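Listed in TrEMBL:
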type: DOMAIN; residues: 230-661; note: domain 'Citrate transporter-like'
type: TRANSMEM; residues: 62-86; note: transmembrane segment
type: TRANSMEM; residues: 217-235; note: transmembrane segment
type: TRANSMEM; residues: 242-258; note: transmembrane segment
type: TRANSMEM; residues: 270-287; note: transmembrane segment
type: TRANSMEM; residues: 308-326; note: transmembrane segment
type: TRANSMEM; residues: 394-417; note: transmembrane segment
type: TRANSMEM; residues: 508-529; note: transmembrane segment
type: TRANSMEM; residues: 535-553; note: transmembrane segment
type: TRANSMEM; residues: 565-587; note: transmembrane segment
type: TRANSMEM; residues: 607-625; note: transmembrane segment
type: TRANSMEM; residues: 654-683; note: transmembrane segment
type: TRANSMEM; residues: 695-716; note: transmembrane segment
Amino acid sequence: MTVHEPSFVGAEEPWDNCCMDTERRYRLGSEVASLSRSNSSEKYETLENLNRSFRLASSIKCCLRVSKVVAIFAIVVLSSLFFSMYPDRDNPWRMLAVSPSDSFSMNVTDFRDNALLKLQVAGPFAGRAADSASQEFVLIQVEQAEEPGQRRRRTQQVTHNWTIPLHPERSDQKVSTRTFEMLSSDPIVITIQAFLQDNDVVPLSMTHQSLYVTKETQVAIAGIILAGVYVLIIFEIVHRTLAAMLGSLAALAALAIIGDRPSLVTVVEWIDYETLALLFGMVRFTKCIKTSFMENLKVAYQLSRGRVWPMIIILCLIAAILSAFLDNVTTMMLFTPVTIRLCEVLNLDPRHVLIAEVIFTNIGGAATAVGDPPNVIIVSNQGLRREGIDFASFTGYMFLGICLVLLTSFPFLRMLYWNKKLYNKESIEIVELKHEILVWRQTAQRINPASREETAVKCLLMQKVLNLENLLHKMMKTFQRQISQEDKNWEQNIQELQKKHRITDTVLLVKCASVLGVVIFMFFLNSFVPSIHLELGWIAILGALWLLVLADVQDFEIILHRVEWATLLFFAGLFVLMEALAQLQLIDYIGEQTALLIKAVPEDQRLAVAIILVMWVSALASSLIDNIPFTATMIPVLLNLSQDADVNLPVKPLIFALAMGACLGGNGTLIGASANVVCAGIAEQHGYGFSFVEFFKLGFPMMVMTCLVAMCYLLATHIGLGWNM
């Protein structure tokens with residue numbers, strides 16, 4: 001059994017060049033010496049002399065570690081203090097009703113010297129901009145007049161108009177939010193009037209909030225917090241789960257400072273429990289079905305006849321096809337464990353194969369309307385449906401473009417992996433010796449010596465580890481075996497796969513495969529049959545419950561230990577962080593600046609520039625922040641652009657550019673897509689975790705290349721051929 005230990009030397013660097021392992025061995029010798037110095041000081045005098053040269057470096061590292069902890073703890077304490085100094089926003093919702101003949105008006109007199117007025121209105125609103133000539137809508141006017149004073153001789157008045165379209169059936173209750181810049185602390189007049197085709201009454205509810213900080217300052221604060229989180233993750237200062245939680249706390253503290261602190265109930269509502277339920281439910285199937293899924297992956301190895309790159313291409317192609325019809329997270333939860341097992345038997349480094357698979361999973365998910373969450377948001381938007389963007393037309397256009405992207409992605413992936421050493425150049429003896437060292441070290445670490453006898457036992461165990469590491473050092477220095485890129489013993493490897501991963505419980509496999517088939521079938525029906533009122537999370541949870549009943553599981557603690565709790569907590573913290581950044585106007589600011597840049601372009605070049613700009617802004621933003629809130633924010637921005645008479649742009653090319661950028665941009669960074677985080681979490685549990693930088697070196701170039709191909713496809717079809725005009 002192959003065991004990967006990150007503290008050991010990897011397959012890409014020789015043993016004698018790894019100073020970190022050398023220092024660790026001498027530090028281990030020093031610990032052995034300190035434990036038994038009272039009994040046999042002369043025995044370990046040599047180790048003490050060797051370790052003396054490393055004491056200064058160890059002291060510096062200890063100081064840096066303490067400084068890091070102190071700095072992060074100071075940030076946590078300050079954020080906690082700021083968060084606790086301000087109360088929750090406790091503004092009750094005011095119920096009202098408006099009609100063409102009856103309007104509503106109120107005065108806000110407690111505005112003080114605040115910078116912004118945040119207004120939230122809930123009602124039967126539609127999901128697109130209003131057309132005053134044909135649509136029913138609600139008009140909200142916010143007025144403020146500043147009286148003459150020392151700085152101003154004449155009265156200055158500011159008026160903001162906010163138009164919200166109404167749903168024709170008055171069924172959907174939606175909350176719309178807008179922030180207005182005010183002049184001073186003078187009273188503000190809010191007027192609401194309905195423009196309807198008949199004399200109906202529209203029920204509404206409204207609340208207002210005064211903020212202390214300007215919009216530009218909020219965006220700057222949000223940018224600093226996001227940059228800090230990325231620094232923590234990129235340089236691996238703390239675990240990415242803790243980094244997301246620290247960023248969430250800092251963002252909540254910033255909201256409290258500007259006067260918009262959310263309540264605990266509101267923060268809990270920000271978490272996307274459907275995604276968490278999907279992860280929690282599908283983990284049961286991946287643990288039970290991996291043996292059966294291994295049989296299918298062995299077919300890919302047989303088709304490649306032991307050649308590495310044909311096998312990787314087949315695996316990536318299967319992952320892309322599955323992710324076009326399944327959720328990307330589900331696809332990677334099925335692929336990751338069995339890919340690791342396959343690579344272990346074939347003596348491959350699983351990290352490179354997993355990164356390639358998750359990249360193509362994100363590419364394949366963009367091909368259909370149900371493959372990626374941004375696509376689901378687009379095809380389910382009522383305003384876009386009225387513009388002619390339905391399931392069939394969206395899937396047809398995206399599928400053709402993604403096929404072109406896939407054709408160019410495979411040779412580019414081969415170029416990126418040209419100098420990568422996919423094989424682990426280690427013999428079976430070295431792998432087994434590493435495993436033995438790992439077992440001895442873990443046994444020694446579990447002993448907390450409370451007596452002289454226990455101290456002696458721990459000393460002996462650690463001396464055993466030291467001796468084995470010296471032996472491993474000698475074996476690695478003399479090991480010169482080279483492995484070619486073509487495995488000539490592929491038939492023997494197939495037999496080894498069948499021996500190590502044969503089906504041991506056929507009854508459980510049949511039960512699991514049956515329930516998984518029903519769950520996947522329900523995933524498909526959920527996208528096409530509107531009468532099924534179950535989200536993906538509910539389907540996964542119910543499927544896991546069915547499997548637990550059929551499998552007659554008695555020990556639930558083992559099942560709970562197999563759940564990737566760190567990944568679930570990371571997603572929860574990330575959801576809170578992204579929603580808090582949205583409350584700090586970061587996403588709205590990106591959308592507004594994109595619209596302003598498009599309007600500044602001459603009309604004859606506006607469509608081409610708009611496609612390029614929306615495409616790359618979406619890709620870069622989706623690689624840094626969650627693409628779900630970004631897509632939901634950009635849709636109304638693009639609809640407003642298309643309906644602006646001064647801009648004169650069709651909406652379909654802009655929406656397709658948004659979909660391409662939001663889906664393909666997930667390959668830019670490790671946290672750019674949910675599938676990336678899930679794959680990294682499962683791989684880390686198996687001992688093959690890859691860092692942010694390792695993923696970035698491969699994922700970001702692939703994102704740039706795929707976005708270039710998608711941009712050419714968009715320009716050729718919309719500008720050259722005139723599609724969707």
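Cβ atoms are placed via backbone N, Cα and C, with glycine included.
Keep in mind that this is a model prediction, so the values were computed, not measured.
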Item to check | Which of 62-86, 535-553, 565-587 contacts the transmembrane segment (654-683) most, counting Cβ pairs under 8 Å | outcome: 565-587
Checklist entry - Would the transmembrane segment (217-235) and the transmembrane segment (565-587) count as touching if the test is at least 3 Cβ pairs under 8 Å, pairs 6 or more apart? => result yes
Checklist outcome for this item: For the transmembrane segment (394-417), out of 62-86, 308-326, 508-529, 535-553, 695-716, most C-beta pairs under 8 A are with 695-716
Checklist entry - Which residues, given as numbers and ranges, are at least 6 beyond the ends of the transmembrane segment (565-587) yet have a Cβ under 8 Å from it? => result 179, 215, 218-219, 221-223, 225-226, 229, 239-241, 244-245, 247-248, 251-252, 254-255, 258, 260, 262, 267, 270-272, 275-276, 279-280, 621, 625-626, 629-630, 633, 671, 674, 677-678, 681-682, 684
